[in-house]
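Features as listed in TrEMBL:
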- 12-32: transmembrane segment (TRANSMEM)
- 103-122: transmembrane segment (TRANSMEM)
- 157-175: transmembrane segment (TRANSMEM)
- 182-198: transmembrane segment (TRANSMEM)
- 242-262: transmembrane segment (TRANSMEM)
- 318-335: transmembrane segment (TRANSMEM)
- 347-371: transmembrane segment (TRANSMEM)
- 391-410: transmembrane segment (TRANSMEM)
Amino acid sequence: MKAGRRLPVLREWLAVMGTWCVGAFVFFHQVLSSGFERLTGDPGDARLITLLHEHWLEVLRGNQSWRSPNFFHPLTNTLGLSDTFVLDEVLYAPLRLIGLDRYLATQWMLILMSLIGFVGCYRVCSHLIGVQRGAAIACAYVFTFANNLAIQAGHLQLFSVYWVPLIILVGARMFNASTRRSQSSWAALTGLLLGLLVYSTFYIGWFTLLAATMFTLRMTVHLRTRLPERPVRTLAIRCWRPIAAGAAGVTVVMVPFAFTYLPTLDRTGGRSFNEVAALSPTIAELFNVGDKNVVWGPLLTWLSGDAARLRNVETSTAITPLLFAAIVVCAALIARRCKGDTSVRTAAARSLLTVALIFIVLPVRISNFSLWRAVWMFVPGARALRAIDRIQIVTGLLAVLAIATSAVVLGSGERGPTHRTPRLLLVAGLLLAFEQWNVGHHAQVHHRAEVALIRDAPKPPTTCHSFVILPTEPTSDVVRNIDAMIIAQTWRLPTANGYSGGTPAFWDLAPSAENYVDRVRRWSRYHSLTDVCAYDPAAHSWATGTFT
């Protein structure tokens, strides 16, 4: 590259990386300011997710069955009760190999994933869509450091949305490939990544597939007048190879997906609509962005009082009001100024805006009515979802892509950009970015305590074939069960305790239950377990013969 071209590229990436550093510092400030003593997430799901990331390393070492982690012992095929996080191993495994413990590896994985998401979104906006640099950086910031992602920080699986821009970029390479062979290769890789996303984190993967399907259908409607220009035979000859390659890529991953999840779905039957409706936002919560949002939190608290649903992470994941307003304004301007425009870029803007608006209203419940009921009834996989407002995590990406595409379309029309347009876009981007600032306490995992739990657990007696954990006060059942799972994984000794996205039938080993010991004995007898030991986390000691 010539020296004259290096300088603009250097400036571009200094701006991109500098903005990401600022965003990462704000988003992960509790982690960074504590010197990585406080880590992203809560003592429940975040610790479970760390354990599941570690599970695959144990599988590679030959210490565990890939579908049967050593909790809920002696039940098998229990991995299907949760996400698998296979795709994350691309980052997690190397971080573990260089010496980071499981908790620091998970935290650094999240930080690196945010970098991938930020750069990926920037590249999509600047290179694929064609928006100017400042606006592209603002779009990347709004997506990567979104308010609703901060609220959902306890559910680390939702951070997998950071992989989606990368998948979009890979898919774009398929369309720009110069040969059929390379086109098929990129299509296969796109299908493989999509399949891995679904297999790794079902919510984000499923919502992404739903968005892609709706976008494709809407594009087809917009471009229907252009389709007859090419004979069907020509289209079929050109498209069948990449379609087949993409399908093959997805199928490679869907085989283990089926082995993992179909037995679980067969046993549970999926979620009932009443379960889903209980966690659906009402029409009054269309703009519920939580009480810790810097811009809107005080106003929402004043309007609703000390409402519990403002602090409910499953009903406070709406996209921020200014971002919603930007979508509506773009939709109105596109509808008004682009009548009769059948260009691909305009069709893309309309399609993205349509899907984003549908995603915003889809989970909303008005009394007993919800558009989601149709999705729940007719769309494959929908019955596996419980917290459907998590769809707004993907809506955030749709929103910034829709706004970026609309800006390019509107700027290239008869009323093209003026000298004030870049400044207006910059101000709008700064407002949307500031609107994402959330000051909630999202780093609740204490690193030293987690390391001490593993360090202080002595080696179990050789006579122990499995174990359960003894209750201690004051600790929740979720935390204590996960403690048992961590110790089980550390010493490779199965435990009857467990915690996941669901619980197996007839499993009721809550350590705080008054008849906990009787329940353990009943479980042991029913499953013919022998030499079941007990671990006391307060005394850091093992007891044998307690439950046999």
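Even glycines carry a Cβ here, placed using N, Cα and C.
All TrEMBL annotations are machine predictions without curation.
Between the transmembrane segment (157-175) and the transmembrane segment (318-335), fewer than three CB pairs separated by 6 or more residues in sequence fall under 8 Å, so the two stretches do not touch.
Stretch with the most C-beta contacts under 8 angstroms to the transmembrane segment (182-198), considering only 12-32, 242-262, 318-335: 242-262. Distant neighbours of the transmembrane segment (318-335): 142, 146-148, 281, 285-289, 293, 295-296, 346, 349-350, 353, 356-357, 360, 389, 392, 395-396, 399, 402-403, 406-407, 409-410, 428, 431-432, 435-436; these residues of the same chain sit at least 6 beyond its ends, with a Cβ under 8 Å from one of its Cβ atoms.
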